[in-house]
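What Swiss-Prot says about this one:
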- His20: active site, proton donor (ACT_SITE)
- Asp28, His106, Tyr128, Ala129, Asn130: substrate binding site (BINDING)
Amino acid sequence: MKRTGLLNSELSYIISKLGHFDALTVCDAGLPIPEGVQRIDLAVSEGIPSFIDVVKAVLMEMELESVELAEEFKDVSSDRHDELISVLEMESAQRGKDIPVDYVRHVNFKLNTKKSVAIVRTGEFTPYANITFKAGVVF
């Protein structure tokens, strides 16, 4: 049994297989998951697990190039958006490098998820609480 870090075997395996610029999406309970994209469904009930908790777990193991968010997230769910930005800023400081944040319209965000290697569904009930991580390289 794994003792630390990311305990979900499917998610840990997907992250270990990512190459430079591969995409991994973490989403709220309502984001449609395109046919053909692997679904890792962690949702148990409302808020369990939370979007932020899953984001933090992914950040423990994934090297990042950038992230993508929906523009609407800033206005519709500003508290959760600000919490996420704070997490990303802390992670950026720990890594000693910027994590660029790209914003797109939600309709385009959903279209872009078709390119994700996998989509991780959380129990989050906050509108637009979705993020796509673009994999970086460790060297």
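Cβ coordinates come from backbone N, Cα and C, glycine included.
Owing to the predicted nature of the structure, the values given are computational and were not obtained by experimental measurement.
Shown here: features listed in Swiss-Prot, placed on the structure.
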{"residue": "His20", "record": "active site, proton donor", "DSSP (3 states)": "coil"}
{"residue": "Asp28", "record": "substrate binding site", "DSSP (3 states)": "coil"}
{"residue": "His106", "record": "substrate binding site", "DSSP (3 states)": "helix"}
{"residue": "Tyr128", "record": "substrate binding site", "DSSP (3 states)": "coil"}
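Comparing Asn130 (substrate binding site) with His20 (active site, proton donor), their Cα atoms are 21 Å apart once rounded. Listed in chain order, the residues near the substrate site other than Asp28, His106, Tyr128, Ala129, Asn130 are Cys27, Gly30, Leu31, Ala70, Glu72, Phe73, Ser77, Phe109, Thr126, Pro127, each with its Cβ within 8 Å of the site Cβ centroid. Counting in whole angstrom, His106 (substrate binding site) lies 24 from His20 (active site, proton donor) by their C-alpha atoms. Taking the C-alpha positions, the distance from Asp28 (substrate binding site) to His20 (active site, proton donor) comes to 25 Å. A gap of 26 Å separates the Cα atoms of Tyr128 (substrate binding site) and His20 (active site, proton donor). Around the Cβ of His20 (active site, proton donor), 10 further Cβ atoms fall within 10 Å across all displayed protein chains.
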